[in-house]
Amino acid sequence: MEFVRALWLGLALALGPGSAGGHPQPCGVLARLGGSVRLGALLPRAPLARARARAALARAALAPRLPHNLSLELVVAAPPARDPASLTRGLCQALVPPGVAALLAFPEARPELLQLHFLAAATETPVLSLLRREARAPLGAPNPFHLQLHWASPLETLLDVLVAVLQAHAWEDVGLALCRTQDPGGLVALWTSRAGRPPQLVLDLSRRDTGDAGLRARLAPMAAPVGGEAPVPAAVLLGCDIARARRVLEAVPPGPHWLLGTPLPPKALPTAGLPPGLLALGEVARPPLEAAIHDIVQLVARALGSAAQVQPKRALLPAPVNCGDLQPAGPESPGRFLARFLANTSFQGRTGPVWVTGSSQVHMSRHFKVWSLRRDPRGAPAWATVGSWRDGQLDLEPGGASARPPPPQGAQVWPKLRVVTLLEHPFVFARDPDEDGQCPAGQLCLDPGTNDSATLDALFAALANGSAPRALRKCCYGYCIDLLERLAEDTPFDFELYLVGDGKYGALRDGRWTGLVGDLLAGRAHMAVTSFSINSARSQVVDFTSPFFSTSLGIMVRARDTASPIGAFMWPLHWSTWLGVFAALHLTALFLTVYEWRSPYGLTPRGRNRSTVFSYSSALNLCYAILFRRTVSSKTPKCPTGRLLMNLWAIFCLLVLSSYTANLAAVMVGDKTFEELSGIHDPKLHHPAQGFRFGTVWESSAEAYIKKSFPDMHAHMRRHSAPTTPRGVAMLTSDPPKLNAFIMDKSLLDYEVSIDADCKLLTVGKPFAIEGYGIGLPQNSPLTSNLSEFISRYKSSGFIDLLHDKWYKMVPCGKRVFAVTETLQMSIYHFAGLFVLLCLGLGSALLSSLGEHAFFRLALPRIRKGSRLQYWLHTSQKIHRALNTEPPEGSKEETAEAEPSGPEVEQQQQQQDQPTAPEGWKRARRAVDKERRVRFLLEPAVVVAPEADAEAEAAPREGPVWLCSYGRPPAARPTGAPQPGELQELERRIEVARERLRQALVRRGQLLAQLGDSARHRPRRLLQARAAPAEAPPHSGRPGSQE
């Protein structure tokens, strides 16, 4: 292995290059250069353009890789002015330093360009001019030292594009109209060299005209005489800006086809007032200026690298230039040597392919578009792309070379064809003309109602002289009329239009063809344009163009309105959504309760300690109120977490109910059911049931197909068919319907469905019998191939798609916007489920009331007797109060005997308004309220401090304080003479008060037993204070010690 490696190294040393590794001179040349090659630059004068060019040059100088790792150094020429003397001195100063290989300039005017042209030839220094303005005329003979790169469209390239467009249209004799041209003779000579033949007519429009009349007079030589042809078939307008070109084109006479030679962007192209068929061109996808600067620097660097491989000294060390003493530098100067390599350099740059022709013209990739002014499907003028030119190759769109000049005024050179059509929406519509008998839109057509040839000839003759009956005049428009107008413009031909007399497509009846086919065979019409299906039977007797519309047969049915079921109001949401909403409601209520009772700020006994608490029933009430937008009083959570969760639940309910409301109207209008048919092979069609009727249009392609393929079906449907498509649709939508299904071309059925305002029509089943619509012509007609070619071009160019979008772009059923006066009426049947739900709610309320009474009378006493389940605040405040505060129903049997004493009984029976209570009453009321709160909270500890009790005992007694029901102060004692029966009434009242006191004492014992002994003393002192005044009467009952 070591031997093999040594042998390989020896062969490499013996066969490899010498020790120099290149040219023997580079070492000395590099030492003199100092590691860089200089490139002079004459920058623009404008500050922004100057900064932009300097930045682009600085970036471009870093990109190229020169031989021997040399760099590119820029030497900027800065003349104080741009007059010839100052410009020459500035350029000469830039060429004085040694090593300046070439000069890069940005001339802004033609004098600068000429001065650079002469300076480059005098000094034999390569000068590369980057032209940023529009096309200019060439500078005479090519100068090998002055290379020009046009960033804008060069004149030579522009003329090449125009010549290619003229040759594509076979226009040989051309007229030129020149605007603002400094050298008309040079431009004409350049045109002759590019086109191969001189222009037939040249008009100089450089002089300004005072008005349109003078401009028309100067353009008159281009006009076509009356009844004759124009002197030239095409005219080119060159050198005009957009404003001047518009004035000229608005004044051009009829005759030639005009081409706008000024390149314009698409957005700057005008449309109004210009002649139809005008051709224009413009450069698209122009590379940025920085890319052009990069490529021109790259051109110099590549040429220097190639020259340095041959003669490094001559390529990299050019002699300094002395403009004051120009001496010849031998047979080939360094500048001429470098120019030779510049002229033979080509590469792929940032702008695309870059190459040099004629030793002075630098080319980069160009892309032009050719536009034609035509009319869109709506009749408005619009620019349409008809071709594309790239690097010398013109590619025309289908139909792009079909544009022909309009006929001159008064000339009748085009053939006039008689066209028959048939009303079939949306392909052909008809309406009455205006008051003047004219059609503001569409084409004037006749509705003769007959197929007699003599009658048709007489009617069209009367129409020509304006004496045709007004009742027979119609305005025809639609899909096929737009197609016919486009064909008449492009072919070209004139036409006169009429509606077929019998209103039929055509079928063989008794050995004769009817309808459209019959008119073509009889010679009454030269062309039939409508939704004319191509089938084998018709193709045997007439010719068809290539199909312009593809369709099939379809089946249309009508919807049947059915009554909404009881649960229709729940249809807007799926059952799983309803279940999820109510599950989320109860879960949210549970979390609201948990957060509120766990919070130190909640509405609970341990939180805010209010007289009300937030329980689970409160949470449910709140969640249901938010969900159904009820404006009822409900407790709200007080803790921040609960409020946040409550707001989130409100957002959830808002979105759910908004979706429900949005879908409610669409769902509750009633269900629509359709006749289910799978297609033409459905058993309902082949074996129709009693009362099932279906049909088609007489003598149509659909009837011919069914008659040929399904004779039995045709025998059944024959008596139910209709004369026209609209009549068949009317039979389907009548009430009661006369048809259950209608079979016809799917393109026609789809249009009927799209315009159905009631949304009752639908096409069902799979399409069958694929067919196409074509233009019918007599057999061996010379127009068949031409029209077929144009139709194919229209398909590929997108014109057919535009027609389809124009006439089929209808608002689909179910998505239309209703008018202000239109309403969706919903009957009582739509709300039957809601009424049933309300009745169920009333029944549920009755059951809930019975359950409430059962719980209060049966379950509550059992819970009260037990020692568990006594704390219900977190669930229901009412149940908790019933267990811990309210006396049970029927407790009279459990009470002990107790005698009521004092005037308390009399005070509780007062019904009249009472005076203001004294201060002692207020203190006692506050004490009772506090005692009630302690009992409500079920706290075993005494809430009143001992110090407060001592102070209360030590304070002077203000007299007895009586507490009456409803918080009212006691009434004044009666005075005066006794009344009859007053003693008996008082005794009765005393007995009632004694019974109530006995019940209160029993309840007090029960509470003390539940709360424990620690809470005995404070309530006892309070009750003793209340009962002290009542001990005075001798019959007042038991002493207070026996409580």
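Glycine residues also receive a Cβ, built from the backbone N, Cα and C atoms like all the rest.
Keep in mind that what you see is a predicted model, and the values were worked out from it rather than measured.
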Same side of the membrane for P637 and G866, as recorded in Swiss-Prot? yes
For the set N609, N786, say which residue Swiss-Prot annotates with N-linked glycosylation site. N786
The glycine site in Swiss-Prot includes S531, S533, R538, D745. Which of S700, S701, S792 is also listed there? S701
Which secondary structure state does DSSP assign to R538 (glycine binding site), in the simple three-class scheme? helix
Excluding S531, S533, R538, S701, D745, which residues of the same chain place their Cβ within 8 Å of the centroid of the Cβ atoms of the recorded glycine site? Y505, F532, I534, N535, S700, A702, E771, Y773
Tell me, roughly as an integer, the mean pLDDT over the topological domain 'Extracellular' (662-832). 77
Please find, for S531, S533, R538, S701, D745 as listed binding glycine, the greatest distance between any two Cα atoms, in Å. 17
Far apart in sequence but close in space: which same-chain residues, 6 or more away, have a Cβ under 8 Å from S533 (glycine binding site)? Y505, S700, S701, D745, E771, G772, Y773
